[in-house]
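Read the structure below first, then the notes.
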Amino acid sequence: MMDRSNAAFVLTACFIFSQLICHVAAITRTYYIAAVEKEWDYAPSGYNKIKGVKLEDDSDATVFATKGAHRIGRIYDKVLYREYEDASFTKEKPHPKYLGFLGPILKGEIGDTIVVHFKNNGSRVYSMHPHGVFYSKDSEGALYEDNTKGKFKKDDKVPPGGTHTYSWHLTQSHAPADQEDKCITWIYHSHVVPSKDINTGLLGIMLICRKGALNQGQQSGVDKEFVALFTVLDENESWLLSKNIERCSDPTRVNPDDEDFKESNKMHAINGYFYGNLPGLDMCYGDSVKWHLAGIGNEVDIHTAYFHGQSFTIDGHRKDVASLLPATFVTASMKALNPGKWMLNCLVNDHYNAGMYTLFNVTKCPGKVGVAPSVSGGKKRTYFIAANEVEWNYGPTGVNGMDGQSLIAPGSDSAVFFAQNAQRIGGTYLKAIYEQYTDARFSTKVPKPEHLGFLGPVIRAEVNDIIEVVFKNNARFNFSIQPHGVFFNKSNEGALYEDGTSRAQKADDNVQPGQTFTYRWTVPEEVGPTKSDAACITWVYHSSVDPVKDTYSGLFGPLLTCKKGTLNNDNTRKDTDKEFVLLFTVTDESESWYHEKNKEMKANAILINDDDEDYKESNKMHGINGFLYANLPGLEMCLGDTISWHVIGLGNEVDMHTAYFYGNTFTHQGSVKDTVSLLPGVFGTLTMTPDNAGDWALVCRTNDHYSAGMQAKYKVNTCNRNPELKTSGKTRDYYIAAFEMEWDYAPTGLDALDGKKLDQSEEAKVFTVTSDKRIGRKYVKAVYREFTNDQFNQQKLRTPAEEHLGILGPMLHAEVGDTIKVVFKNNANRNYSVHPHGLYYSKAHEGSDYNDGTSGADKLDNAIQPGKTYTYIWKVPERAGPGKDGPACATWAYYSDVNPIKDTNSGLIGPLIICKKGKLKEGTEERSDVDREFVLMFTVLDENESWYLDENIKKYCKNPGDKETLKADDDFMESNKMHGINGFVFGNLKGLKMYQDEKVDWLLLGIGNEVDMHTVHFHGQSFLRKQVSYHREDVYDLFPGVFATVEMVPDSTGDWLLHCHVNDHMVAGMETLYSVLDKSLKTTPKPITAASSFVTSSIFIYLSFPVLAMLLKA
């Protein structure tokens, strides 16, 4: 009988043999690709094909598409990747029309090698840099100081007329995870100066597939594959701008810095086409379709791609909208079951107006059989809904519910929006809203829950149901109802665009005042919740005659589709005690159909300048369900209730929201959270069982939105239930002080990625060089630091493993069941606190300063005075951990919450890590399940919002002049926005070192403002994100108030770039290096443990059959 050691040895040998077989079966896929200069037309038809008008007759399109004395128009010179037949680069391969300006699609299976022979036919240096594959330093194609030279630098910038051969290996360490699609989406692009290279046009898509997924280069089991890249191509940032200016009829008088000229060159495109001009998105009714979707670009590049008339799945979840940020790549699986011409558009309002839409065509093809989705055995649910005009008050109490001040108190944040005078409308506006009636007479309204505010009634249905909406338009403008998440034909879509239908089929799209139309929608299995979804998934309906003006006018509501058996006979939920809907949006009343009427009613219209920035700002109402500054009523529940929160985002580029629920956590798609990020057209279902009684804040964690009133409160009553939460684990003591120090954002004095001194770098000196009216790289800040005892007489020195933390406070570790005790001393010169995310705390230990109905001792934690000490006690229940479907440890944060905007920008934030039981070494806070963990905070620390701005001006500016004038200067304010990682810029973050094949956890933190959308990209490696199942990525999307854990086993040695992929953030220094050392350099070999036994097939691909034979013989 074989003993255990021999059995293990044979199993290992068999595994190696299987890897070798895979490697033998692998192939080399060779591509010949050149960078070539071509003329590119963004709208070759000359028409807005969605509206059916010439571009010059469309007021929105003329901004971008009309050529003039000082306008380039719609045709630009670009440099594009194109594929050729062979190394002679003489015969270009056919390029699918729908790919537009994108390069060819590169495909390969795990085990393959992709070899790209690249020729640069452009007029300056370019390269090819891939995402999602294994490469060595001579095939990275990215220019930065990575401590290589010679042959390892030739890939970084290929000169004009030059060639380079890139070899990219598709190892198991970059394979699609088990529950992912067979082929996952990545990109490749030039990375010499990536922001300019990409805007010039050098970008393409790459698909990495499981073994056996491709059949003669095509994905098996898929009828059609399409690629769609959403981006605002900024031609101002193209290398060919000067050449393109020559296209103007009076080029010598063009001012490239003119704001209107720059705006005209921002092309809101899908695959390089706008206003419906993207061709070739044709499929057959019944086709199985894969959509490979990507985003790239800058801070404006928040895209939500909406497919009318169809649904799809991403990561097993039912959707009809895909969220795309710079360097976000997703694969969507669609069954084309709804014939017709359908719109594909970005739901961000400005992007829609700027032409980011096209048509895709689902046709009944000869010989192709499609089965129409049908419903049977369900109910017919009828709703009578009217569009009514009402006066809406965004602050009906007249009071800021968070601090008790009047909404019109002079100098308050709220007065900007609520003060009424001859040139300001104030807080009450005429709007159109959806309201429900009892029957078709539209005489008796159905009462609605007060928390819904200006939202329309909740439409609910189960799978197999029919929804009938009898809609009456009582308003003065044409309106409609367009739904998400249900099945409808062209006569029931409710969206007005040129889709080839007859006039009779368009009655649903444009319901006139006083008219009635009946919509009929169904909920077949094909559009219902998947097994991975919540019992009811969240959608919206809204008017779509003009989707921008209609929604800003107030016409939207929630729609829920539920699994069979979820609803009671009265349409309420069986599985929940309460259900709440929350819409986070900045309602731009200047874009409402009623804007002119509101000026007449509430102000003196003659005196108002519509283009005045302060006036426009006063009309941007940062609300939750149409209420600001904690005026939202009705969010009340009992301890232990099952609560379903349905959260919705709508709006514009600024509508990047992170909803934060103080005091309790929820589950969302298998993850335990207390924040959820929302973009326009993003909807989510959250499940909460509140265990913490009290009045709790519910806010948007984006700083400007918070200060502009996107705040509410929800109340958890005890309802005679026991609120006591018991923990049985350890008590972990931490001694933390806040104190002021001088912080240096770039202590080396170098732009480490460029190899230049800071004052010699055009980009770096904007932020880091001191002058008469510039602070430079050093600022006084407040930071959290750990001490050894409650006397605070000895600061705890940071170890080499903690060097990377930078400005962050200490890592606080605990396991589920533990209690955390933080003895906090405020050694700074103003009030601060410590507030944790995710944990269980009483009101006396929340560390947050707002009106929560408490007094006395329960208020002492809110703001600790200088020189004082306070002890916070936080418990760690199961719902504070990563959950059964999450990673080993969940990432949270703690920060001062007296004034969360100024406190965090002053520097007071740190990481909080909560692990499953048994993941911390006995007697320590060290992890037992990983070799290393690193915390990375990506944020633009806005020193203009620091408490210490005046002190920093006085201390560091050499000749500041009038302080208030300086503080209002745009260039000065920009110089104080430090685009950092852990408080370091331009490659100055140190300490990110690891060895090959170690298990590494990266703990990611996001905080900040509207610009703080960060796409964290690791060169050289990929990582796994766990959300029920694993997902392979090399870019992670971070928003303010979002915290995440990702897992990596690095296999490619070298010094690698780690950066935010948002263009302006890269340019402003949000990048650094991390080092992967050869495993042979480890001084002390570690025993094989669960943490170090990760194996990737790339380790074995160099083994030979003789080696295997020796192993087996032994």
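Using the three backbone atoms N, Cα and C, a Cβ is placed for every residue, glycine included.
Under the three-state DSSP scheme, H131 (Cu cation 2 binding site) falls in the coil class. Within the same chain, residues at least six positions away from H131 (Cu cation 2 binding site) with a Cβ under 8 Å of its Cβ are W186, I187, Y188, M206, A327, F329, H1017, D1034, V1035. Sequence annotations record features per position, and here Swiss-Prot assigns Cu cation 2 binding site to H131, H189, H1061 based on similarity to another entry.
The Cu cation 4 binding site annotation in Swiss-Prot covers H303, C346, H351, and the record cites similarity to another entry as its basis. Secondary structure from DSSP puts C346 (Cu cation 4 binding site) in a beta strand.
Annotation source Swiss-Prot lists Cu cation 5 binding site at H657, C700, H705, M710. The Cβ of H705 (Cu cation 5 binding site) lies under 8 Å from the Cβ of V586, H622, H657, E1010, each on the same chain and at least six residues away in sequence.
Residues or ranges marked as domain 'Plastocyanin-like 2' by Swiss-Prot: 218-365.
Residues or ranges marked as domain 'Plastocyanin-like 4' by Swiss-Prot: 572-719.
Per Swiss-Prot, the feature domain 'Plastocyanin-like 5' maps to 730-915.
Here Swiss-Prot flags 1-26 as signal peptide, drawing on sequence analysis.
The topological domain 'Extracellular' feature in Swiss-Prot is assigned to 27-1091; the stated evidence is sequence analysis.
Summarising the annotation, Swiss-Prot assigns transmembrane segment to 1092-1112.
Neighbour density for H303 (Cu cation 4 binding site): within 10 A of its CB lie 35 other CB atoms from the protein chains shown. Same-chain residues that are not part of H303, C346, H351 yet have a Cβ within 8 Å of the Cβ center of the Cu cation 4 site turn out to be F230, H268, D301, I302, T304, A305, L324, N345, L347, V348, Y352, M356. C700 (Cu cation 5 binding site) sits 20 Å from H303 (Cu cation 4 binding site), taking the Cα positions as reference. Each residue in F584, V586, H622, I624, T658, A659, V699, R701, T702, Y706, A708 lies on the same chain as H657, C700, H705, M710 and has a C-beta within 8 Å of the C-beta centroid of that Cu cation 5 site, without being one of the site residues. In this structure, H657 (Cu cation 5 binding site) is part of a beta strand by DSSP. Of the candidate binding-site residues, H189, M710, H1061, the one lying closest to C346 (Cu cation 4 binding site) when CA atoms are compared is H1061.
When pLDDT values are averaged over the domain 'Plastocyanin-like 2' (218-365), the model yields 98. Neighbour count (other Cβ atoms within 10 Å of the Cβ, all protein chains): 25 for M710 (Cu cation 5 binding site). Comparing the binding-site residues H189, H657 by how many other C-beta atoms lie within 10 angstroms of each C-beta, the top residue is H657. Compute the center of the Cβ atoms of H131, H189, H1061, which mark the site for Cu cation 2; besides them, the chain residues with Cβ within 8 Å of that center are H129, I187, Y188, H191, P194, I296, A327, H1017, V1035.
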